[in-house]
Structure formats: structure tokens, C-alpha cells
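Here is what TrEMBL says about this protein:
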REGION    1-63  region 'Disordered'
COMPBIAS  27-54  compositional bias 'Pro residues'
TRANSMEM  84-104  transmembrane segment
TRANSMEM  154-176  transmembrane segment
TRANSMEM  183-204  transmembrane segment
TRANSMEM  219-240  transmembrane segment
TRANSMEM  260-282  transmembrane segment
TRANSMEM  319-347  transmembrane segment
TRANSMEM  465-485  transmembrane segment
TRANSMEM  497-517  transmembrane segment
Amino acid sequence: MGSTEEQPNKPIPLYDTSSSPSQPLLSKPPPFPSSPPRHPFPPLEDPQTPPLATPPDAEQDSDPTQYLQITYNHSPRSFKDLPFLFLFLLFVLCTFVLGIFSIFHRNTSYSNLSSFTYDSNSTSCTESTLSNSTNLSFSFSVLTGFSSTFSNSLIWVFVITFILTVPICFLLLFSLKRYTKQLVYVSLPFFVVMPVFFNVYWFVACTVSSTCSDDFPLVYRILVLIFVFCIIAVVIWIFVVNWHRIELTVEIIKIASDALYWNLGLFVVLPSLTIGLVVYYAPIVVFLVFSRQNGEIVVEESSGVYSCVWKQDGWVPAYYALAILTMLWSAAVMVEAQVFVISGTVAQWYFSKDEPPRRSIRSSLRNAFGPSSGTICLSGLLICAVRVVRAAVDSARHDAPGMVNLVLRCCVNALLSAVDFLNKFTINFVAITGEAYCTSARMTYELLKRNLLSAVFVETISTRLLGGIIFVLSAIYAIVVCAILKGVSDLGVDSYFVAALAWVLLIVLLGFFVHVLDNVIDTVYVCYAIDRDRGEVCKQEVHEVYVQLPISRNHRPSLASATLSV
């Protein structure tokens, strides 16, 4: 009591947080010592529910104080969700073992299938003496046909675009960190100006061109022109409706850019992981190519005519399914691993008091491919299943039309979206605490439910603004590329096509930058929720911005009220 009176401004902890390192990170607080009742008579209880009917575990689970120790776990972590790691490794091992078997077990006659003919004397397929020189010459002519001015210009534009993407990303990050408000408000008019310019430009160009005007009548051109203007009007209406959220979104983007600026090593690690995935895919693609050559040439009779056809071995389709599933799962695992590394690195930056921690990216990589590898495999499996089910539902849209199918698709898509969203925040929480997947999913939901709007709230305007900014930058880049090609080459109309491809490529590359920034925003969102749950302020500038987000009506009471209720 003496220490409390000497420091009245210090928040009263609900339990001792200075536990030993051996104590689990998310362990529940020890029970409070029993004290004699202050009243001579016990409080009135409902006779239907006696006090002993409530199990102690349920009371502890409903106790909001059990989450007060959540913070970044710097101590050595234990392995979680190992069965899913072993399952993933089994898929990969089977894919590679069967792929190597397919290479040594292939039938070399597959490439000469066209030279086999049916021999009526032996009632089998025999190879003729004719060579495949015509096919080889045709393939060579097809390959050399691409060696033109168009292909050379396209290759050079792609190479230059890849090289220029690096300084463009760093310049964009620096601008978002220092001049976020100016960049956003300067880009907003171009969200409307650029579509209007392209819409008017194609209409005038098609009207002037005799070929286009003959193939595309004036009535249809006017209809398309009006339709595009209607879409532009909808975009303007969206910005007008959400104008009051622009200022808050600008501050959120600025904080995320600052966090990413202090962890520039992510721009080296994340592309390296993507390149590693491509290298990992290369042998699987080779295995798929050689697995087609496992079979034999057999005689097939159709309407009394005998011909020689290729018959694959029975295990080849199953191997195709296994390899494709392994590739899809591996891609989802790599995406989740990248999110894990981003979340772990940004969380260490957030919870550091004075200066950014050293080797934060290295520790995040070690946790991602070490103790939390099974959790990442489980998360990737869920994401892969969601993508496969969603693709199956979308493909069945035309097969079974009707109201029942429409309602079923809406319900399935809503469920898949909820799973996808919850999984995203779960990976953020796993990167921070190192807990298992199911535990992290439950605690993430409870954490956001108690402290923020809900478990399904995210500031989506930031993603749209960033998408609009990269659209404008890519469009300006495409215009510059088209002007340069018009001046230095004789491509003619093909210069528009090359510029359009450069525009798409730059959007894809800058889209990766936006993806990283979105994950940073989500991580800061979860870290702010942890701060709010603990009653601490690790980053004052973050609290000044995120406190403006809407709060749930059923938000968690303050520490003082919680203490009194105990």
C-alpha cells in the first residue's frame, strides 16, 4: 500500500507481470488470495444456478486479465502444429521422389510418336524411317519468327522496367513517409483525370481512324463512352462519401511507411523468398514434363481404322494432382511465411522502446522456418483450401443456375471470406507470440473484440488509395514509354501494346509494395490492440492516430474498473 500511495499515477497491475522467463507467455494469472467477506451476509444468488455449478476453468477463460501478458516473445519458442509440417514435408517428398522416378522410367519413344504407324502383319505399332525434320524446321521457324523489332523492344522495356522498379519503390516509400498528405491529395485528381483522358482519347482515335470507325459503329462507341463515364462517376461518389476518412487514412499510411522505412531489409528478404519459390518450382515443372512420357504406344481401333496412340501409365494423373496440390500449398505457405516475417519484424520495431532492434528480420526468419513452420503450413493449407473451394464455386456458376445455387454461393463466399480474414490476423498474432494456430485465432478474435471495433474491421481505404497511387504512377510511366517508343522506333501501333504491357508489369511490381505495406498496417493494428489491452503506450504516434478508429459499444472496461470488479 505504501508504494501505491507514493506513486499515484502508476497504473495498478492486476497481477505480477515480472514473472520468470520459464513462465509461459500466455499463462493465466495466478488466483487471487482469498479474503474474508466484507459483509455479514453473502450476496443473494440465483437458486437455479448455485455457485459450485460454474467450473473454475470457465471463470478463468472469461477473465479479461488473462491477456495482459501478451507482447512480443523474444525468448526461445517451442514448436507448434508439427503434424501439419510433417504432412507438408510428406507431400514435397512424394512429389520429388515420384518425379525422379518419372525421369528414369520415361519412354523415349514419346517424342517420336508421329513416326509410329500400325503394322498389319505384326498387329503392332512400328517406327518408320521418316525423320522429324519438317517438325524441327517448323519449330525453328516459329522461334525465329519472334526475333523482330517488336520482341526486342518488348524485352528491353521489360528489363528497364524491372530495373527502374527499385528506385521507384524507394522513392514512393520516402514520399509516403515524408509527404504522405501532399502525395495523396495530388494523386486524387488523377484518379479521375487519367480515366477521363484515356476514355476521350480512344473515342477520338477510333472516330478519326477509318478502319476503327467502320468496325465499331458510332452508336456503340457512344454507349461505351457513356458507360465508362458512369464508372468514373461512381468512383467520384465513393471518394465523396469517404472524404471524412481521408485524413485518418493518410496518417495510417504515414505510420506504416515509417515502420517499413526502419526495416528496409524486408525489400531484400521478401523478393529473395519469392525467387526461392521459383527455384523450388523449377524441378517440379521438369517432373511434370517428364511424367507425361511415362507410358507406351498402343494400337487403337476406331470405326475399323487402326492407329497408334499414346497411353499414359495409370499413376501419371494422380501424380499430376499431387504435384499441383503441392505447388499450390507451397505458394500459400510462402505467402504466409512472408506475412509472418513482415509481422514479426514490424512487431519488434513497435515494441522497442528507444531504438529499432537489431537482427529483427533474422529472428523472424528463424521463427518462421523453425518453431512456427508447422503453424505456417497449417495457415497455408487453409488458404489453399479456401482458394480451391472458391474456384470450384465460381466454376459451378454456369453449371447449376438458379436461386438455390445463388444463395449457396453467397453463403460459401461469405464463409470463405471470414476464414480468410481471420487467418490474416492469426498469422500476425502467431508472429508476435509464437502460439499455435487455434490458440492464436481464438485469442486474436477476443483481443480485437474487446479493444477495437470488431474482429472484422480493417481500414480498407488505405488499400484503395495506395492502389490508386500506383495506378497513376504506372499510367504516367506507360505514357512516357509510349512517347519514347514513338520517337526512337518504328513500331507504329505496336508501341501502344508494348506500353500497355509495361503498365501492367509496373502495376504488378508496385502491387507487391502495396501488399507489404498492407501487412505492415495490419501488424500495427494488432500491436495497437495489444498495447490497448495491456494499458501501455509503446508508440505514442500510433496511439494518437489509431485512437480515432471507431470503438465497439461492448469495449473492454478500463483497468481501474476491472480492478474494482475483481
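Each Cβ is built from the backbone N, Cα and C atoms, and glycine gets one as well.
Comparing 183-204, 319-347, 465-485 for CB pairs under 8 angstroms to the transmembrane segment (154-176), the maximum falls on 465-485. For the transmembrane segment (183-204), the residues of the chain that approach it from at least six positions outside its boundaries are 175-176, 221, 224-225, 228-229, 231-232, 235-236, 239, 246, 249-250, 253, 465, 468-469, 471-472, 475, judged by C-beta separation under 8 angstroms.
With a cut-off of 8 Å on Cβ pairs spaced 6 or more residues apart, the transmembrane segment (465-485) and the transmembrane segment (319-347) reach fewer than 3 such pairs and are scored as not touching. For the transmembrane segment (497-517), the most Cβ-contacting stretch among 84-104, 219-240, 260-282, 319-347 is 260-282 (pairs under 8 Å). When each of 84-104, 219-240, 319-347 is checked for Cβ pairs under 8 Å to the transmembrane segment (260-282), 319-347 comes out on top. Long-range contacts of the transmembrane segment (319-347) within the same chain: residues 72, 88, 91-92, 94-95, 98-99, 102, 259-260, 263, 265-266, 269-270, 273-274, 276-277, 280-281, 284, 287-288, 291, 360-361, 363-365, 367-369, 372, 376-377, 379-381, 383-384, 387-388, 424, 427-428, 430-432, 516, 519-520, 522-524, 526-527, each at least 6 residues beyond the stretch ends and with a Cβ under 8 Å from a Cβ of the stretch.
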